[in-house]
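This report refers to the structure that appears directly beneath it.
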Amino acid sequence: MIITTVYFILVAIAVLALIFGAILGFASVKLKVEADPIVEKIDALLPQSQCGQCGYPGCKPYAEAIANGDDITKCIPGGQTVIVNIAELMGVEPPTTDIEGDPAPMVAFIDEDMCIGCTKCIQACPVDAIIGTNKAMHTIIPDLCTGCELCVPPCPTDCISMIKVESTIHNWNWKFDPKLVIPIVDTTTTQKKLIKGE
């Protein structure tokens, strides 16, 4: 009698699970909300540093705001390049600025003599550009730093400062159109044929 009751309960639970699963599966297909594809495209253009300098909690909410008509010039780490790309995607004219090109990029710098190794800057960095361990010296990886300045306020010793990245021949962004590069062709076989008269 008890075994029959247990089997009945197990079968009833399994049937209910199948029914509710079918209802949820049907609802997920029929009631699916399609994401706005323009939001996804704008979000892909943003630098994904989630720094909040635009006034939004991350890049995805800012992309949604841009799709709803917000200003496209709020992404500081993205600079003029992101503004132009978003304007091109949205089919609008990029806003004119007083600054030619991108502003000078900034990166964080840790004065290692003052660093106490509290790891507060590591926790604040959205792109993991700071390395170090607890109670040990920390340092910045400049190639990863977006200059969002989120690591500066939590530092209890004020050992983090923002410095300009000086353009040198080694780190300058060489912008050129690969279509304009003239290929180098080996003409020695052609010259030999011309000399031999073939």
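Backbone N, Cα and C atoms are what each Cβ position is placed from, and that goes for glycine too.
Among the candidates C75, C148, C155, the residue that Swiss-Prot names alongside C115, C118, C121 for the [4Fe-4S] cluster 2 site is C155.
C125 is the only one of C125, C159 that Swiss-Prot places in the [4Fe-4S] cluster 3 site (with C145, C148, C151). Annotation for C54 ([4Fe-4S] cluster 1 binding site): same-chain Cβ neighbours under 8 Å, separated by at least 6 residues, are Y62, K74, C75, I76. Sequence-distant contacts of the domain '4Fe-4S ferredoxin-type 1' (106-135) (same chain, at least 6 residues past either end, Cβ-Cβ under 8 Å): 49-51, 141-142, 144-165. When DSSP labels each residue, the domain '4Fe-4S ferredoxin-type 2' (136-165) comes out as 0 helix, 7 strand, 23 coil, counted as helix, strand and coil in that order. Neighbour density for C121 ([4Fe-4S] cluster 2 binding site): within 10 A of its CB lie 24 other CB atoms from the protein chains shown.
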